[in-house]
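Here's the structure, in structure tokens; my notes come after.
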Amino acid sequence: MNPHAKLISSSSLALGTTIVITSNHWAMTWAGLEINTLAIIPMISKSHHPRAIEASIKYFLVQAIASATILLSSTINAWSTGQWDITQLTNHTSCLLLTTAIAMKLGLVPFHFWFPEVLQGSSLTTALLLSTLIKLPPLTILLITSNSLNPALLTTLALISTALGGWMGLNQTQTRKIMAFSSISHLGWMTLIIIYMPKLTMLTFCLYTLLTSSIFLTLNTSGATKLSTMMTSWMKNPPLNATLMLTLLSLAGLPPLTGFLPKWLIIQELTKQEMTLTALIAALLSLLNLFFYLRLTYYSTITLPPNTTNYMKHWYLDKTSFPSIALLTSLSTLLLPISPTISAMF
């Protein structure tokens, strides 16, 4: 990708995200979302592969429909209340339309169909952006308007997303699709608690971004895009694969790793809200995610390929990304002991 085009796309992405986060007017929020959509499309289609072009078209169509739905929702609300302020969402039809639009933007069930396909058609770096930074603006809108939305509907969407994200990830062989269904499942956890404790949703998103960035950067360094190549990636850099194993187990939510913290706090808060059954269902559904994370761990560190490979041990590797991976992996595995400090910050 041309450096100037990359700079323009990155700057537009940062600008669109900042506009959405800081604005209170529906028109400015819609404009920020549109800037984000137009900025990420060149990054998705930069390889000029037919799958990448297909992914960019799918992404554009879904995001355009979601943005139009947000505009329709805000217009109906303004027509009935005379207010364009995001916090003044009182019309029932507008609330329902906004929930639908944000579910499409985030990739929540039943509007998840585009997300795995778009990630599969993108590079690992672009997939990282789609899984983390692109989710921040719609999650911010959901955070601001959560008091006006239907709690039962959000809880239902969250539980179904957690279930389907774990269930559909079981039979996948492509690492990007596995990470896509992992993202859908984690967004279900965030949506589950957003009405009752919004700050905990932001904590979960920050920790999810940290863990996902570590995994995607590691996969990008080793070039592992499917399970069959993960079986040989340990020959390229054994220490990197060992840290990948710890990060995957942390993303699964196993103690005493960092990923256990948000799930622990969410289950605790749901129990305080007398939603013990919901907490129990979410905890049981997380076992599905644990299975395919263990599957990835098994393939990357324990399994040997069934035939002779052409890979030789690399005595020299490009180490430019190693410091960032080392820092992210350390944070992804060692933050649980300071959980009281993290909870106090949020």
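Cβ atoms here come from the backbone N, Cα and C positions, even for glycine.
Here TrEMBL gives transmembrane segment for one range in the set 24-41, 240-257: that range is 240-257. Mean per-residue pLDDT, taken over the domain 'NADH dehydrogenase subunit 2 C-terminal' (290-342), amounts to 72. Between the transmembrane segment (152-171) and the stretches 57-76, 202-219, 277-299, 320-338, the greatest number of Cβ pairs separated by less than 8 Å involves 277-299. The stretch in closest packing with the transmembrane segment (178-196), judged by the count of Cβ pairs under 8 Å and taken from 57-76, 240-257, 277-299, 320-338, is 277-299.
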